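Asks: My questions all concern the structure below.
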Amino acid sequence: MPEGVLEIDRISKRYGEVVALRDMSFDVRAGELFGFVGSNGAGKTTTMRIALGVLAADSGEVRWNGRTVDLDTRRRIGYMPEERGLYPRMRVLDQLVYLAELHGMDTNDAHRSADNWIARLGLRDRRSDEVQRLSLGNQQRVQLAAALVHEPDVLVLDEPFSGLDPVAVDVMSQVLREKASAGVPVVFSSHQLDLVERLCDRVGIVSAGSLVASGTVDELRSGGTPRLVVESPSADWAATLEGVRVVERNGTRCVLELAEGVDDQVVLHAALAAGPVHEFSRQRPSLTELFRNVVTTESRSS
Amino acid sequence: MRSSRAVSLVAKREFVTRVRTKSFLVGTAVIIIVLAGYVVLQSVLFDDQRHSVVGLSGQATQLADPLREKAAAFGVDLETRDVTTVPDAERQVRDGGLDALVTGAPPALKMIVKGYGDEVLTTALNDVLRQQVLVAQLAEAGLSPQQVAQNLANVSVAVTALEPVDPQRGQRLAVGLIVAALLYYSLLVYGTMVAQGVVEEKSSRVVEILLATLRPWQLLLGKVIGLGAVGLLQLLVISVAGLALSSAFDVVDVGALGGAALLTGVLWYLLGFFLYATVFASAASLVSRQEELQSVLTPISMTIIAAFVAGINLMIGDPTGTAVTVLSLLPPFAPILMPGRMALGVVPAWQVLLAVVLALAAVAAITWLGGKVYSNAVLRTGARVKLRDALRS
């Protein structure tokens, strides 16, 4: 039995004629931060809502520790919906205590935990204020506290970083890291790819309702056609090499794309034979480039 | 976590949040103040009618005792004052210090009043004068006035009522109307509150977090129970205050009548609230914003208003009529009309029982249907959900 793993197994969902999800599958292991990226309408929110039982899937299932997720296991998930939701006229502390109790904590533990998260997220002065009187940033902090207050075993966060100031982004990142290192699988979606790249152990790219790429950031970046950046006085030598194509040329710098099986050492020798080489490196695409690449090829093929 | 704990957590939140609001405290206080004002006004009006002050001058003073007795027989608490100077006393009549001034020697008495002569007073005075004349003439004729009076007293017509009128009918009607009005108010106000609560959760999207840990029916039931308890609390506070006030000011003879009305009122409040609150909640779950709420609630509010207005008019006219009897048996109207008719004491037991059974059946059906609509619609935000769609899926 997979211990501490959240599995999304071939989930499909359609709204009338529109296919929202098509065999969406991935898993998040214990202690792992999984970043979920994709353009708007790709199916990230739908996936998360299905995982939380807020929506029903047409087929497929969500498992936690090898068992299908039901209402009892769902109580152990911390959830932050994309559309933030709290009672506007309820006080911060009352709200958190209430949510902790709803997730199965007894009243004393609920108070203790709510106080703890209020302090950790810097909301101590605001604990007796109604949520609607808080600034947007502070409302976000309360929302995070609401997802964490029952000490969940799994975290599912939809766009947790949107609308946060840089300080809050740091607090949020730190909290997520900490939760992951405590063995909690954490899934979150985000449009801030640099943040995902920095923070996540693994990344899944979603397009048109299915996962089109997933892996560690390094794996993703080193995948695809290998490219080399070479700086040397001329690039005429490269055109003569078998399986090498000049993609881009900018003064003395050029970007080469290698066909499968071409040894980069052969290329280096050829370059040195032609003249002095000031730079020779493997070009790794950023997550943003990868993302753009995946999404555009996907939309072209569909 | 057991369902009962989930439901009670939701109910507790609804109750505590609502009872703490200013609108609840102020609303309850205002109703009690209005009630108190009404009771005080009633008792002042009653007192005014029953209490008169009459000035007696000269030989008229000897009429004080028989006049007071006679007035008491008519239900007027008469106070007599002997006056020495007539012009002074006339001024007092003008100022309102005296209701009337009686001068002259019997049997040629004169009564001075400000505007209209008090009818009871005039009749009492005439009776007393006639009696005195009668006594004098009987004595002249050699008959014993006491004997004649005794013989007269023994003569009376024997009345047999085919449909005896309840001497408490007026009070019963008042209690019945008050019960119906309170139930009307509670159902409408607290039903609307349930609807607003549902939309608040929908528009603030908190429902998505809640439904990740609660089943829709638990949330719905908790909300209905919590707000229902707030309504019940207000109903009880108002009723107890009303009963205490009216017995303190002696307006309505409460006791058994008021107690029984309170009990049936509570029973019908519970039945009516479960019936209407579920309908209110499922209607509210179809929309996503408070502004759209009015349009889905109007048909429901109209039913309650119609039950109240039509029912009250029929009830005052003839509480045993066919129309009001049939209406008071039907679940949508029963919670307002039946307790009103029960307070009037005109409902046979079988009708009460039938109405309760029908209401329970309706509650069961509505809870099932409303729960379905609510579960299907509560997470659909955006455009208004069509009732047909909510029922189908």
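Just so you know, glycine gets a Cβ as well, placed from its N, Cα and C.
The transmembrane segment annotation in TrEMBL covers B:21-41, B:173-199, B:220-246, B:266-287, B:296-316, B:352-371. Among the features that TrEMBL reports, domain 'ABC-2 type transporter transmembrane' is placed at B:25-369.
Explain the structural surroundings of these features, please.
Replies: With a threshold of 8 Å between CB atoms, the same-chain residues lying at least 6 positions outside the transmembrane segment (B:173-199) that come near it are 14, 18, 223-224, 227-228, 230-231, 234-235, 238-239, 242, 252, 257-258, 261, 264-265, 268-269, 272-273, 276-277, 279-281, 283-285, 287-290, 293, 297, 300-301, 304-305, 307-308, 311-312, 315-316, 319, 335-337, 339-344, 374, 378.
With a cut-off of 8 Å between Cβ atoms, the residues of this chain six or more beyond the transmembrane segment (B:220-246) that come close are 6-15, 18-19, 24, 27-28, 31-32, 35-36, 39, 178, 182, 186, 189-190, 193-194, 197-198, 252, 254, 258-259, 262, 265-266, 269-270, 273-274, 277-278, 281, 370-371, 374.
Within the same chain, residues 173, 176-177, 180-181, 184, 187-188, 191-192, 195, 276, 279-280, 283-284, 286-287, 323-324, 327-328, 332-333, 336-337, 340-341, 344, 384 sit at least 6 positions outside the transmembrane segment (B:296-316) and bring their C-beta atoms closer than 8 Å to a C-beta of that stretch.
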